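Peer 1: Below is the structure I would like to discuss, written out as structure tokens.
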């Protein structure tokens, strides 16, 4: 794998100019959970990086091309991202607003917001490399959110009910493995890959504990994507990078096993592991079954696709590292049902 090229392509997401477009929210109000809170990386980020001096920003065209009104909101894709689709599937609202959106409405606070930051990870080195919001700092944002929520709802009991009945969706590990370990090699002298995966799982547990101590009780923890099959990873050979996929699969296996055993550590909490690797790999292996025609190329934003493809719904990936809205919509229904079954 040409790691330097992959990293440069990831850095190509950067734009320093600041741009904001508000996004109207539709509330549903038929959910068995109170709210959705998203933490982690660009798979879930709905615009928290827009005002950062970061290489990981996408608040510019053609991002958001297929979003409502064709607006670039800071989501890493052509339209809605995974956190939006999960929020809708849980019956909350069809868009999950970014907490750092300066125009965030108070009435959105009770049904959930997004704290995730594109380019972030569990490892502090990952966030420093990309200029994103480290997961520990996302927890600090959540603390500030609780203070704001208390002021909006007017009483502690109601605020506690929102916090304890919400689903906490976590996506982390993608950038730690793809960037910090394989691309920059920042941790390769310190850790073997199995040891680094162990450390990432430990950091995941620390993140869960921080949220648990603030009242969180329902956790949906996502594994990584098949990182070796991202267009950025297969740009030279067009084949999936087996070793990178093996590293991601190893982390996912360790994470899943740990999640299964956390109930004894966190009394009263519920957990579900969200498999992203195998559903997306299924689209890559058998794209025609879901109406896709291209799995190796990105629709947009690569040297070979400076002009975006005409129909992103025919592509599994929007850019070098992120699935299209259609891909998320294709794999989400089973995941949503699993979350409902395990966290109700």
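Glycine too: its Cβ is placed from the backbone N, Cα and C atoms.
Pulled the feature table from Swiss-Prot, pasting it below:
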SIGNAL    1-24  signal peptide
CARBOHYD  30  N-linked glycosylation site
ACT_SITE  42  active site, nucleophile
ACT_SITE  319  active site
ACT_SITE  322  active site
Peer 1: Taking just the CA atoms, what is the gap between residue 322 (active site) and residue 42 (active site, nucleophile) in Å?
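Peer 2: It is 8 Å, counting Cα to Cα.
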Peer 1: Give me the Cα-Cα distance between residue 319 (active site) and residue 42 (active site, nucleophile), rounded to a whole Å.
Peer 2: 12
Peer 1: Counting across all protein chains shown, how many other Cβ atoms sit within 10 Å of the Cβ of residue 319 (active site)?
Peer 2: 29
